[in-house]
Amino acid sequence: MKILTALQIREADQRTIAEENIPSAALMERAANAFTEWFTRKFPDTGKNILICCGPGNNGGDGLAIARMLHALDYAATVWIVAPENKFSPDFLTNQERLPAAIPVTNIKQTSDFPEASEFNLVLDGLFGTGLSRSVTGIYAEIIQHINHLPAQVIAIDVPSGLYTEAPNQLGDAIVQADYTLSFEVPKLAFLLAQNEKYVGEWYLVAINLSPAFLADVTTDKFIFTREQVTQIIQPRRKFSHKGTYGHALLLAGSYGKMGAAALAARACLRSGVGLLSVHCPKVGYTILQTAVPEAMTLPDTEATHLTQLPDLNTYQAIGIGPGLGKEPATRHLVRQLLQTTPAPLVIDADALNIIAEENLQPALPPNTILTPHPKEFERLAGPASDDYNRLKLLQNFCRQYGCFVVLKGGHTCIGTPAGDLYFNITGNPGMATGGTGDVLTGIITALVAQKYSPLDACRLGVYLHGLAGDLARDQVGETALIASDLIENLGAAFRQFGS
Ligand SMILES: NC(=O)C1=CN([C@@H]2O[C@H](COP(=O)(O)OP(=O)(O)OC[C@H]3O[C@@H](n4cnc5c(N)ncnc54)[C@H](O)[C@@H]3O)[C@@H](O)[C@H]2O)[C@H](O)CC1
Ligand SMILES: [K+]
C-alpha cells in the first residue's frame, strides 16, 4: 500500500472527481459516511455529548457533514466553527447549508467567542487536515490547546490538526493530541513515526474509493506492507520436498553469559521453516544449545567464551550473525573475515552491527546484505539523526550507498532497500519491547533467506510474521508479561494464518 503526500492525495481527489464525474461535495459525503460508519461502531452509545470542531476548509466540511449524520442517528452533536477570517471552502459552505437547525453552532473568531463551561465526552477534530500549509497560530492554536485540555476522548478527522503529514513540525507547534485518528484511504507518513505518537493515537484507515487508476500509477518510495502482500509472497511447502529444499542456515551467535540469544535465534530459525540449521558457538555454548535446541547441529569454536574462527562456510544458503556475539578482538576479526569471504547471503544483527560500526566496515558489506539494527545500532552505523524524518533519510542514503537492506526496528519497523524504497510494518505491539525479540527476528529472516526468498521478501515476511506472532502472544499473556520465547511459540500460528 502506497504512502502518499498531501499533494498526491489532493491529486487523487481531483482525478476521482473527474473520472466519476461527481461534484467534490459527493466525495466529501463519502468521506463523512465512512467516518460515521466507523464512529458508530466504535462509540455506539448515542448518549455521549459530542463536540465537533470545524475549521474553514474541507476538513471542517467533513466535520459538518459528520455532525449532520450523527445528528440523524440521534447522537447529541454540537458544532464549533473556528474561522477568524470568514473565508470558507465551497464544500464547507455546502455542508453548512445542509446542517440541521437543531444542531447548536458556535462561531469562534476570537478568544472572547469561546463558550464557557463545556461538558463533552467526545471531541471530533475537523480543524485542519491535509491542507495544513504552515504552523497553526492565533485562535486555531488556542482551540487546539483547549481541545488538548478537555477531559474528553479526541478523534481526529483524517489528520490530527496542526500535524504535518510528511515533514517534522517545529518545537512548540500547536497540534491536536488525538486518542484516535481516522484517516481517509491512504496512510500518511506522520502516523508511522514514534515522535508523532502522542498526536496520532491509534490510527485507522477507511476507504473512500479514490481513483484506482491514479493509486495504481502514482509513484512513491514509501509503502506499508499489508496482509494481502504477505499472502502473495509466502510459499506453501511442496509435497515432494525434503529438508534440502528449504536450505541449510548457519548462525554465528553467542558468548559467555549470552547463549540465550543464540538459542532464541536458533529456535526461531527452525520454527520459520529452515531445512537444516547449524550454530557455530563458543565451547561454553555446546551443551546449552544441544539441550535447548536439539534440532540444530552445533559447531563449537576452539575458544570457550567467544567466537574466534569461522567454520567452513561452503554448505550454507544463508548465514546469520550477531545475537549474543560480544565484541572480543578475535570476534571482531571474524566479522571482518566473514564480510570478505562469505559465499552466502548475510543477515547481521546486534554486536556484529556494533563491530561493523566501530571498525568502519560498512564499505565491506557484500551487496544485498540484510542488517537488522534498532535505532541506537543504526545511529552507530550511519550517524545521529535529528528526528524520525531525518532518520528515514539517513536510512535511504545508507541503503543506497552500501547496496544493502536495513530492517530498522521500532514501533513500525521500517525496511530500507538498495533502491532507496522504504517499507513499513503494521504488525506488532509494545509488549515486544523486551530482550531477545531481536534475536528471534534474526532467526526468522535467516531461515527465510535460506529458503530462497529474495532479500526484500525475506525482510517483509520476517518482520510481518514476527509482529503477528507478537500480537498472537499478546492475546495469550498480555503486553507486560510477553517474552521473546512467546514469539517463537506463536510463529506456527502466524504461519498458519497464511496456510503455511
Ligand atoms: N481525498 C481525501 O482524503 C478527501 C479529503 N477530504 C478532506 O479534505 C481535507 C483537506 O481539505 P483542504 O480544504 O484541502 O484543507 P484543510 O481543511 O486541511 O485546511 C483548510 C485551509 O486552511 C488554510 N490553512 C492551512 N494551514 C493553515 C494554518 N496553519 N492556519 C490557518 N489556515 C491554514 C489553507 O488555505 C487550507 O486550504 C482532508 O484532510 C479531508 O479531511 C474531503 O472531504 C474528501 C476527500
Ligand atoms: K483534523
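Positions of Cβ are set from backbone N, Cα and C atoms, glycine also.
No curator has checked TrEMBL annotations; they are predicted automatically.
What TrEMBL lists as (6S)-NADPHX binding site is 58-62, 129-135, Y140, D158, A261, G324, H374, D439. G61 ((6S)-NADPHX binding site) counts 29 other C-beta atoms within 10 Å of its own C-beta, drawing on all protein chains shown.
What TrEMBL lists as K(+) binding site is N59, D125, S161. Listed in sequence order, G126, L127, F128, G129, T130, G131, I157, D158, V159, S161 are the same-chain residues six or more apart from N59 (K(+) binding site) with CB atoms under 8 A from its CB. DSSP classifies N59 (K(+) binding site) as helix under the three-state reduction.
When secondary structure is read from DSSP and collapsed to three states, T413 (AMP binding site) falls in the coil class. In sequence order, V407, F424, N425, G428, V463, G467 make up the list of same-chain residues 6 or more apart from T413 (AMP binding site) whose Cβ falls under 8 Å from its Cβ. Look at TrEMBL and you will find K409, G410, G411, H412, T413, G438 tagged as AMP binding site.
Taken from TrEMBL, the feature domain 'YjeF N-terminal' applies to 9-216. Model confidence over the domain 'YjeF N-terminal' (9-216) is summarised by a mean pLDDT of 96.
Per TrEMBL, domain 'YjeF C-terminal' is recorded for 226-498.
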Please check the binding-site residues N58, N59, D125, S161, G410, G411 against ligand 1 and give me the ones with CB under 6 A, sequence order. N58, N59
Where H412 (AMP binding site) and N58 ((6S)-NADPHX binding site) are concerned, what is their Cα separation in Å, rounded? 29
Binding-site residues compared (N58, T130, S133, S161) - the one with the fewest other Cβ atoms within 10 Å: S133
Close-lying binding-site residues around ligand 2 among G61, S133, G324, K409, G410, where CB distance stays under 6 Å: none
Hey, of the binding-site residues listed (G324, G410, G411), which one tops the CB count within 10 A? G324
Check T130 ((6S)-NADPHX binding site) against DSSP and tell me helix, strand or coil, would you? coil
Quick one: pull the CA-CA distance for S133 ((6S)-NADPHX binding site) versus K409 (AMP binding site), whole Å only. 31
Within 8 Å of the Cβ centre of K409, G410, G411, H412, T413, G438, which other residues of the chain have their Cβ, at the recorded AMP site? H374, L408, C414, N425, G428
